[in-house]
Amino acid sequence: MIAAQLLAYYFTELKDDQVKKIDKYLYAMRLSDETLIDIMTRFRKEMKNGLSRDFNPTATVKMLPTFVRSIPDGSEKGDFIALDLGGSSFRILRVQVNHEKNQNVHMESEVYDTPENIVHGSGSQLFDHVAECLGDFMEKRKIKDKKSPVGFTFSFPCQQSKIDEAVLITWTKRFKASGVEGADVVKLLNKAIKKRGDYDANIVAVVNDTVGTMMTCGYDDQHCEVGLIIGTGTNACYMEELRHIDLVEGDEGRMCINTEWGAFGDDGSLEDIRTEFDREIDRGSLNPGKQLFEKMVSGMYLGELVRLILVKMAKEGLLFEGRITPELLTRGKFNTSDVSAIEKNKEGLHNAKEILTRLGVEPSDDDCVSVQHVCTIVSFRSANLVAATLGAILNRLRDNKGTPRLRTTVGVDGSLYKTHPQYSRRFHKTLRRLVPDSDVRFLLSESGSGKGAAMVTAVAYRLAEQHRQIEETLAHFHLTKDMLLEVKKRMRAEMELGLRKQTHNNAAVKMLPSFVRRTPDGTENGDFLALDLGGTNFRVLLVKIRSGKKRTVEMHNKIYAIPIEIMQGTGEELFDHIVSCISDFLDYMGIKGPRMPLGFTFSFPCKQTSLDAGILITWTKGFKATDCVGNDVATLLRDAIKRREEFDLDVVAVVNDTVGTMMTCAYEEPTCEVGLIVGTGSNACYMEEMKNVEMVEGDQGQMCINMEWGAFGDNGCLDDIRTHYDRLVDEYSLNAGKQRYEKMISGMYLGEIVRNILIDFTKKGFLFRGQISEPLKTRGIFETKFLSQIESDRLALLQVRAILQQLGLNSTCDDSILVKTVCGVVSRRAAQLCGAGMAAVVDKIRENRGLDRLNVTVGVDGTLYKLHPHFSRIMHQTVKELSPKCNVSFLLSEDGSGKGAALITAVGVRLRTEASS
């Protein structure tokens, strides 16, 4: 017993001693964490260079765009062929995907040889061989008569400009077929298939084995966004933000980047860690000076590295008592599979003895221990280096996402990772130390990269079908110039109907006389109160207007909320609330004594019989207060003031917000004769010739007409351009069948149109993984401000995702792109429709005056116009295209329509004074 313990102790001491000797001998191969972190930094820099348009031509890490933009989402289906060429054998698979049965994937495959004479022969020989194997495979399965979609895993560095094209940059591994470098491998394969003429195949996608691995694992885990191969060769790919990929147009979404990291160090950046053995391996390789990182880490070279170390140590008398055999000196006699066998925990030393005996060196126990440790150092260095480069990718992903902690999945394949007994454990452990702020799940690709090629093909098919359906849906929102000219023509016809006495009562566009007969002339003077009611907020203003050489307008205002229960309660409650707010404001300003003139901006359709009387025709914008429609709102206000018995006011003018906006801008710019509001609601007004206003006596001069154009289309004249979504929004609104034009244009409804489209797309599985969340079911969730933010050019997709998350919608990058697209289509149509309406107005003014050209200014207000990044530009462009004989300027109303109400009141007071004197 004691003897056995002594023997074990002696053997352990002996082993430790041998290990220390080897550690010392191979010191250069043992990399500290500090060195590995430095390598991470270097690789991160190389990645950046590869992605940059300026540095890519000279970058060693090529960072090749793959044009794979999306990982599987589980809805893929179909029957696909996959070719997998890149190693010692060539595999063909038939992959049948059925998403209805728990993502069921049925695969059958066959392996074909790629003999040396073919991989080192001509390109046409190689692709003839591939085409022959594919024909044999299809013949056996009786599918030669089908034009099957084919995914091609081609595991060599390729330049791609689309997913079904791949120009070989350089052969790697043992391949050297002539005439292929610089050529499109898809064309070469298609040519070989065509030459045979006995079957047809549609090559939909070419992918690298790394991309194939990511896609294979991505089918099982949708968080998989990195692919890693550690086998005969090594490489990695990951999903990069498109905005960082200079070589590809566009900045929306993500694309898989094939790093081709095997070439890391080809520019000399790893010389400080390369050893004499690495240099010797490189000198004896098929591609000296290339793939230097791969030659330090991949399965093709590890066995050879160990052999070179053993030869040198034997020559120096440190192993095998200096014995060197012809076998030990022969390249390829010591393989990576031998390294794996020797590093096994229990039988490793026994395996070492067997393998070394096969090489004829008659090893001692010491030799076996030493050789085992040499293998450990070489394979451990490989694991450490791969951990460093993968760590750089993970840090980049984390920074791209802007999250303090990354959670992701890495799909892995390759014989070294799979079969080496210690490799994966060491690799994971090092990675955790290097990137402690990343939680990484490693998912082994059980089916190789061939299934991934089929998945890329399936995704390409799914995306093409989705794209077709999305385009089909959104096409209904695209308006041609002819369609817009027709809208302009119809608006003009409706305007005429509203102006004529005979047709006015039945007209949809009411063309209401405002009794505002002129714009300010600069002589207005005095202090005026203004009320502004038109949305969920209500403003009370004190406006001090001073005339003279230096005209000034000084304003003080306070905003009050109108609760929903008052908006939809009784008329008395609404006007009592308004008077209560006025009372508070008069106290706040200390002006409750004198009877002041007041202008009331009342932004709802009213029939006016004079400047100070407006009979409400209908409520819009969510208001539903009872006992108001059909009554004079000025009288309702006066009655409420009387009920309060605190103060008195002189209600001089009832004006629409659009008229107020026109007057505000006309005070600054005399050519302003049109007012436009595009905010919660939408409306326009303009100065019409009195002779055309049949509803008011007299035909001298002009009068501002409040068009109430929101009701355009209420008679069905826009039904041919209204979509299914417009009808849905209308149906569920408070005023179904009314304000149809407004519901296609204004901020109150655009978000609802978007929401309904998103629900439809989610039901079809195009968005949010097909899950309709509670927030998405909530009406009114998409406010104008969110649409404006989402469509901002300055906003990266991450910020779009953040906005959607704020709304309770968890989106992927692809989801964010589609949401942004939908918002853009809906808001573009709104701007074009608004422009068509405005074109009708300015052309009418021009024709009224018999002018060949008209110069006119439009005063504009409203949140959609002000805040949306593209609305105003598209609207201006539309007006320009549809009314080429009008030079139209747009002036933003900075002070809102309240100031306009005060100016109208001032004009009214001036005219009243003039009349009485």
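Quick reminder: no glycine exception, Cβ is built from N, Cα and C everywhere.
Record note: Swiss-Prot gives THR172, LYS173, ASN208, ASP209, ASN235, GLU260, GLN291, LEU292, PHE293, GLU294 as D-glucose 1-binding, and the candidate from SER148, SER155, SER161, SER269 in that site is SER155. The D-glucose 2 site in Swiss-Prot is built from SER603, PHE604, THR620, LYS621, ASN656, ASP657, SER682, ASN683, GLU742 plus one of GLU573, GLU697, GLU708, namely GLU708.
Checking Cα-Cα distances from GLU260 (D-glucose 1 binding site) against the recorded positions (SER337, ASP413, ARG425, LEU787, LEU864) with a 10 Å cut-off leaves nothing; none qualify. Distance from the CA of GLY535 (ATP 2 binding site) to the CA of ASP84 (D-glucose 6-phosphate 1 binding site) is 64 Å. What surrounds the D-glucose 2 site, by Cβ distance within 8 Å of the Cβ centroid and not counting SER603, PHE604, THR620, LYS621, ASN656, ASP657, SER682, ASN683, GLU708, GLU742, is the set GLY534, PRO605, THR658, ILE677, GLY681, GLY710 from the same chain.
Within 10 Å of the C-beta atom of GLY535 (ATP 2 binding site) sit 19 other C-beta atoms, taking all shown protein chains into account. Annotation note: GLU260 (D-glucose 1 binding site) sits in a coil segment as assigned by DSSP.
Across the residues annotated as binding D-glucose 2 (SER603, PHE604, THR620, LYS621, ASN656, ASP657, SER682, ASN683, GLU708, GLU742), the two Cα atoms farthest apart lie 16 Å from each other.
Mapped onto DSSP helix, strand and coil, the region 'Hexokinase small subdomain 2' (521-655) counts 35 helix, 54 strand, 46 coil.
Other Cβ atoms within 10 Å of the Cβ of THR620 (D-glucose 2 binding site) number 24 in total over all chains.
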